[in-house]
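Undergrad: Per Swiss-Prot, the features are:
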type	residues	note
DOMAIN	27-197	domain 'FAD-binding PCMH-type'
ACT_SITE	173	active site
ACT_SITE	247	active site, proton donor
ACT_SITE	342	active site
């Protein structure tokens, strides 16, 4: 279903905008023009006044980006706000949120209402709009399991379209919006279906250790959220304290045969059986390759979580890319496994 949004509302635009504070790696960059539309009407107007031939970038809070140079053309940072209960039945609630909502604010609000589903995704940085783009996930839960629909705007026609969750082509840290339709749509909001009665997923690592002895009825979303936050804060640096883009590499998935072969060579290999093979813990691979806590110039892999690439100060995108390539090369040499970076490179 599509609908046109009339371009009637104004928007604020900044020329030659500094993006250093708008990417959590703290990389120096500027945008030729930066706009922050707060409504669908404002976004429609931004697109109507844009030259279709000029580059267009959407950056959210910049928590999953490596900005490699100044961005030409138009850069958007959506500020479409709002969280609401759409409908409910005896067992579920449907909630909506605008693309500009801080992701953890949405998680906190739903958990406060007693609704279950998002608690494992607590404290993931970024905005709601970025969540379906890369199908965020943590501790055994992915957004795709909870998402009912994504609302988008076509960058050319300004038409608003709603994609059902099963139309989004979700995969591990991927979606149609990140792959084949990248650049065609701007995500403006999402709708989720959550449980009224707790059915918390505590099958993953530290959650199983904390809650595994309890019955499902005794595991509350608020308690799971609290523990997830504690675990993340103990392992992951806050971007405002130590600049980073979260997990820098995806956990590679290999065939069962390859996983078994690695397990025979490395008895303490951290791996998880998947329908399509075996998922390896990239952080473990990086640590075993000698990169945990190791620096290369102003950047390095974090001392508590080897999966996180950090900027110790004054780093450039070239520094980041050089470190990522060095880590990948060493993991490939030691394990024969190729790592794939998670953040998007711009431009």
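Even glycines carry a Cβ here, placed using N, Cα and C.
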Undergrad: Including all protein chains displayed, how many Cβ atoms other than that of the residue listed as 'active site, proton donor' lie within 10 Å of its Cβ?
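TA: Summing over all protein chains shown, the residue listed as 'active site, proton donor' has 21 other Cβ atoms within 10 Å.
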Undergrad: Sequence gap of 6 or more, Cβ distance under 8 Å: name the residues on the same chain that satisfy this around residue 173 (active site), in order along the sequence.
TA: 134, 135, 136, 137, 250, 342
Undergrad: Just to be sure I understand the packing, how many Cβ atoms besides its own are within 10 Å of the Cβ of residue 342 (active site)?
TA: 18
Undergrad: Three states by DSSP: which one describes the residue listed as 'active site, proton donor'?
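TA: Reduced to three states, the DSSP call for the residue listed as 'active site, proton donor' is strand.
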Undergrad: Please work out the mean pLDDT for the residues of the domain 'FAD-binding PCMH-type' (27-197).
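TA: Here the predicted model's pLDDT, averaged over the domain 'FAD-binding PCMH-type' (27-197), is 96.
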